[in-house]
Amino acid sequence: MWTWLKRLFSTSDPDPVARVESADPESSNSETMKKFLIAGLGNIGAEYENTRHNIGFEILDALAEAEAFTMEPDRLGAVGRFRVKGRQLICLKPSTYMNRSGKAVKYWMDKEKISLENVLVITDDLNLPFGTLRLKTKGSDGGHNGLKDIQQVLGTTQYARFRFGIGDEFSKGRQVDYVLGKWEEGEQEKLGERLERSAALIKSFVLAGPARTMNTFNGT
């Protein structure tokens with residue numbers, strides 16, 4: 001399942017992202033390792049596994065499997081690290097629960113001295129069809145409690161967020177059940193490819209930058 005993504009993350013594979021790497025002036029020859037915080041939002045606990053609201057966790061788990069790094073328990077969450085072309089990605093799954101995500105994001109930004117422009121938050125989005133990817137460099141919380149808390153703690157909306165569409169196929173008054181519900185069989189069948197695409201978006205964000213990444217991935 002992960003063969004394509006492993007090729008994508010190989011520095012020797014001649015694919016589109018690899019070409020971006022070779023063209024990037026801040027490549028592995030850079031003297032300074034740039035750090036990025038990639039925060040995938042979700043709720044801890046077995047009852048929340050494989051639920052729509054936890055897609056941020058799932059994307060980081062898929063990335064960790066593909067790149068062969070581990071997410072280990074640490075302060076305010078599980079943390080994993082890997083490097084690619086002069087960048088170090090610090091991947092965070094907050095253990096603060098969704099509504100208090102800002103505390104964990106702020107802690108790891110401060111600890112690792114990561115600037116706001118190098119932060120990417122991954123979350124679910126009811127307003128996008130299932131599997132649709134959308135990157136934005138700023139914006140409102142859109143009613144998402146995790147983003148709302150991050151905005152309050154950081155005091156700004158000027159951070160990148162990667163929204164993964166979960167659709168809105170629920171009846172009136174059933175939004176909470178839908179968001180906290182597990183994927184349907186049809187969604188599950190398509191999820192693997194969407195996770196691969198999501199991991200590619202993350203790598204593009206750190207290597208090619210947000211503008212180029214939005215042009216390539218938004219709406220796909």
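Cβ from N, Cα, C; glycine included.
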Further tRNA ligand in TrEMBL, beside Y48, Y97, N99, within candidate set N127, N145, N215: N145
8 Å Cβ shell about Y48, Y97, N99, N145 centroid, tRNA site members excluded: G42, N43, H53, M98, R100, S101, G146
Minimum Cα separation from N99 (tRNA binding site), reported as the residue among recorded positions N43, H53, D124 that achieves it: N43
Least buried by Cβ count (within 10 Å) of the recorded positions N43, N99, N145: N99
